[in-house]
Amino acid sequence: MLRPSTQRYSVTRPLYSEDAFEDEHAKVYRKHKTFLHHVIQYFTCTSERAKNTAISLLPIIGWMKTYSFKEWLLNDILSGVSTGLVAVLQGLAFSLLASIPTWYGLYAAFFPVIMYFFLGTSRHISVGSFPVLSLMVGAVVTRLVPDEGLPANITAFEGLTKEEQRVLVSASLTFLVGLFQLGMGLLQVGFIVMYLSDTLISGFTTAAAVHILISQLKFVLGLTVPGFSGPLSIIYTLESVFTQITSTNIHDLVTSIVVMVMVLGVKEINDRFKSKLKVPIPIEIIMTVIACGVSYAFNFSENHGVDVVGKIPNTFESPIAPSLQVFQMAAVDAFPIAIVGFAVAFAVAKVYSVKHDYVIDGNQELIAFGASNIFGGAFKSLAASTALSRSAVQESTGGKTQVAGLLSAIIVLVVILGIGFLLEPLPKSVLGAVVIVNLKGMLMQVVTVPYLWKKDRPDCIVWVGTCLAAIFLGLDIGLAVGLGLELLTVVFRAQFPRCSVLANISGTDIYRDRKDYVNIYEPEGVKIFRIPSPIFFANIDFFRDKLKDAVGFNPLRILRKRNKAVKKMKKLHPSKSEDESNMEDLDKPTDYSDLPIQVNWNAELPANIQVPPVNIHSLVLDFSVVSFLDISALKGLKAIKEFIRINVDVYIVGCDPYIIEKLRNCKFFDDEIKTSIFFLTIHDAMLFINESHPPKTVSEKVMKTFGDCTSLICSFKD
């Protein structure tokens, strides 16, 4: 293969304007479908379409047909057992964030998984509780059922204990989250996740990790801290913790430190030797078993005042109907929970789908999680999403399909119905320590801030703004602030694009920004101006100002100066003077009809008349990256008439044919602006310009200027 520096290509073709190209190449005009046609097509049912719809709504039909029992089943079994053990521990731990009894976290690792097995399109994510979602649910739970004071005025609370009231709020909120997700899935709005950038998600989850860390201090220190919600809740929580710091339970603190050190150390070993370890060391499970044994042996609960998990029912509770009053009071909170839960799950699913080469469907994922949360909410489950650490266990231990997820749910079922009593002496401080350790990945995202500041400052502002707003104002408001900042950065980038003046790489048809290269040739008398964004109402004025800066003059000001100069010149000849009231408007094209001379505006004018010179004869506007124009932009582009009226030829190049069609439909063209100004490429326009204005030698320029001045003076002497 030749080196790039030695490769050459040569193309011989006619010079094309848009008009010439359309004359030579017939354009196909396609009939656009009407809205009614789309509606009819959407509701038309055929056997093939019914089959595809069934497979789409039940993805299990597709992948189960290709399931290889010999190659995949053993891997799925090993993965399911490993993931199930982690899911049990995380379910117990993350339920603390939601301020509900711990065993309800186990329900989140069972009921949603069953539904997702049939409806989900990802084969590798582990469905269940997620710390950020649990914390957002907990904020609503503590707002409606606070630790101190009366709960919200909800009829369904009558006759229930505080714990039962909180479970009702959590279950109803989960049900409502599922309704939102299912509704969005049925309306095919899975694309909404695209509005949550990686930067925004990173800043938001980092802030959530800070909230989670602070919320677990009361378990790690063995303190009684009331739940706070709303703006500055994190400040109030820290104030309460430090006020009681002298009451720390030393047994809880030591246990937590030992668990965190051991888990962090072994996780580091797992990461360093993951290529050699077939299965990661389940250190969290090991430490949980040890902590349960030590707590039971020394009776931590009674002898040392350690708060433990306590009794875990060995049966499922009856399903409940959600509370409509909770729906009304928590609707504003449920929507961001639905969005965040889906966004996190979809992001993790996309990573594994790319790695293992299969397709996931965003709309179907919304339907799957919506149905999962509705099903789980009916059985008092926490809101479900996925956790990166748990999904990593499912994938790294050899999981091939959601059969592994189903088996992990069976492990949870065994714990709930059979051996849950073994976890009753487990200190909550151990669960708090496990939660904190699992925050390492999210908290370490803060190291990306210096990188973002150096590489992309608007993205850095989104990250920092989202993170700080979510920390101090709450996760729901923080997410809204992040979306607002993200929208502002998009508007800012589009409203103030980096416009540039292009120049030619000598001997080629390549044009680049004249500031970026040394050996580059700027055509004489020509300005090539590139607009690197759509042109719309927000940036049309910016575009016009930048264009004036690029050419070095204001065309309207030049036009007015010239019209005033023509008036004065006409008055110099008495026989040709005319009344002031009959003069043409100063913004109209210059009228030379009654002037007995030809004027060279770049030469010296008689009677000390001063008009700023115009040093270009052609202006080329590069529209190759302009994706759309709106009505405001069309009106603003009419300003090119100002250049035409001062004898500067304007050419537009690289314009999308659909934009040209829109210009035609909007009556953009008239006697001054014609379709002939459009060319396929910059080089086409430059070749045409060179034919119209051949470059002159230095001697020709001097002689022409001298001759113009002499003829002008002589004419007025006559």
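Cβ coordinates come from backbone N, Cα and C, glycine included.
What TrEMBL lists as transmembrane segment is 77-96 (among others). Residues of the same chain lying 6 or more positions beyond the ends of the transmembrane segment (77-96) and with a Cβ under 8 Å from any Cβ of it are 102-109, 126, 128-131, 134, 215-216, 219, 279, 282, 284-285, 288, 309, 382, 387, 389-390, 393-395, 397-400, 403-412, 415, 423, 426, 428, 431-432, 434-435, 438.
Outside the transmembrane segment (103-119), and at least 6 residues removed from its termini, the chain residues within Cβ reach (under 8 Å) are 57-60, 84, 87-88, 90-96, 127-129, 134, 167, 170, 312-313, 316, 364, 367-369, 371-373, 375-376, 379-384, 402, 405-406, 408-409, 412-413, 415-416, 420. TrEMBL lists 103-119 (among others) with the feature transmembrane segment.
Taken from TrEMBL, the feature transmembrane segment applies to 125-146 (among others).
The transmembrane segment feature in TrEMBL is assigned to 167-186 (among others). Residues 98, 100-101, 104, 137, 140-141, 144-145, 156-157, 160, 192, 320, 322-323, 326-327, 330-331, 333-335, 337-338, 341-342, 363-384 of the same chain sit 6 or more residues outside the transmembrane segment (167-186) yet have a Cβ under 8 Å from a Cβ within it.
The transmembrane segment annotation in TrEMBL covers 250-267 (among others).
Marked as transmembrane segment by TrEMBL: 279-298 (among others).
Under the heading transmembrane segment, TrEMBL lists 326-349 (among others).
As annotated by TrEMBL, transmembrane segment applies to 403-423 (among others). With a threshold of 8 Å between CB atoms, the same-chain residues lying at least 6 positions outside the transmembrane segment (403-423) that come near it are 67, 72-73, 75-77, 79-81, 83-85, 87-88, 91-92, 103, 106-107, 109-110, 113-114, 116-117, 125-127, 288, 292, 309, 311-316, 394.
Feature annotation from TrEMBL assigns transmembrane segment to 429-453 (among others).
Long-range Cβ contacts of the transmembrane segment (460-485) within its own chain (Cβ-Cβ under 8 Å, at least 6 residues beyond either end) map to 132, 135-136, 139, 195-197, 199-200, 202-204, 206-208, 210-211, 229-235, 332-333, 336, 339-340, 448-449, 452-453. What TrEMBL lists as transmembrane segment is 460-485 (among others).
Feature annotation from TrEMBL assigns domain 'STAS' to 516-689. Note on the domain 'STAS' (516-689): mean pLDDT across this stretch is 83.
The largest share of C-beta pairs under 8 angstroms with the transmembrane segment (125-146) comes from 429-453, of the ranges 250-267, 279-298, 429-453. Taking pairs at least six residues apart, the transmembrane segment (250-267) and the transmembrane segment (326-349) share fewer than three Cβ pairs below 8 Å and do not count as touching. Only residues 6 or more beyond the boundaries of the transmembrane segment (326-349), in the same chain, are considered here, and those with a CB under 8 A from a CB of the stretch are 121-122, 124-125, 127, 130, 132-133, 136-137, 139-140, 144, 152, 154, 156, 168-169, 172-173, 176-178, 180-181, 184, 190, 192-193, 196, 198, 201, 204-205, 360, 362, 365-366, 369, 373, 383-386, 388, 391, 475-476, 479-480. Long-range Cβ contacts of the transmembrane segment (429-453) within its own chain (Cβ-Cβ under 8 Å, at least 6 residues beyond either end) map to 89-90, 92-94, 96-97, 102, 131, 199, 202-203, 205-206, 208-210, 212-213, 216-217, 219-220, 222, 249, 252-253, 255-257, 259-260, 263-264, 267, 284, 287-288, 291, 306-307, 309, 387-389, 459-460, 463-464.
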